[in-house]
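Listed in TrEMBL for this protein:
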type     : residues         : note
ACT_SITE : 136              : active site, nucleophile
BINDING  : 64, 67, 113, 116 : Zn(2+) binding site
DOMAIN   : 25-147           : domain 'MsrB'
C-alpha cells in the first residue's frame, strides 16, 4: 500500500470535473485500438517487456493515450527492470488518481489519469531513493511527445 508518500486523503481528493473527457465505452471502442481499450478502459495489463515505450530514452513528455493530458516527464523515467515503463513521480500529483486495488488476490494502488479515468498501471513503494515510488505504467496507456 502506498502509505505516507500518497495519503488516502490525496487519493480521494481528486474529483472529475471535466465531463467531456468522461466518454461512454462505445466512444472509446471506436477511438482506441483493441489493446488500448482493454488496458485503458478495462484495467488490463500489457505483457511485460512488450511495450514500445519501455526502452525509450528520448527527452519529452508522456501523455495519456485517451485524453492527451501530460502525465510523466522523461526526467522521471528510469529502468526498474520490471518490464513496463517506470517513473519515480508524475509531473504533479494532480494528474494522477490513486485507487486501492484488491484484484487478483493482491493489495496494490492503481493509478489512473485524473482527467479521463484511463487506467495507467500501479504505483509501488520500491522505487529509487528520489521518491521511493515506482509508477509502473503500461506503454499502451501513454503517448510520447519528444521535445
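Glycine is no exception: its Cβ is also placed from the backbone N, Cα and C atoms.
Residue 116 (Zn(2+) binding site) counts 22 other C-beta atoms within 10 Å of its own C-beta, drawing on all protein chains shown. Counting in whole angstrom, residue 64 (Zn(2+) binding site) lies 14 from the residue listed as 'active site, nucleophile' by their C-alpha atoms. Per-class residue totals from DSSP over the domain 'MsrB' (25-147), listed helix then strand then coil: 28 helix, 40 strand, 55 coil. The domain 'MsrB' (25-147) scores a mean pLDDT of 96 in the predicted structure. The two recorded residues, residue 136 (active site, nucleophile) and residue 113 (Zn(2+) binding site), have Cα atoms 13 Å apart. With respect to Cβ neighbours within 10 Å, the recorded positions 64, 67, 113, 136 differ, and 67 shows the lowest count.
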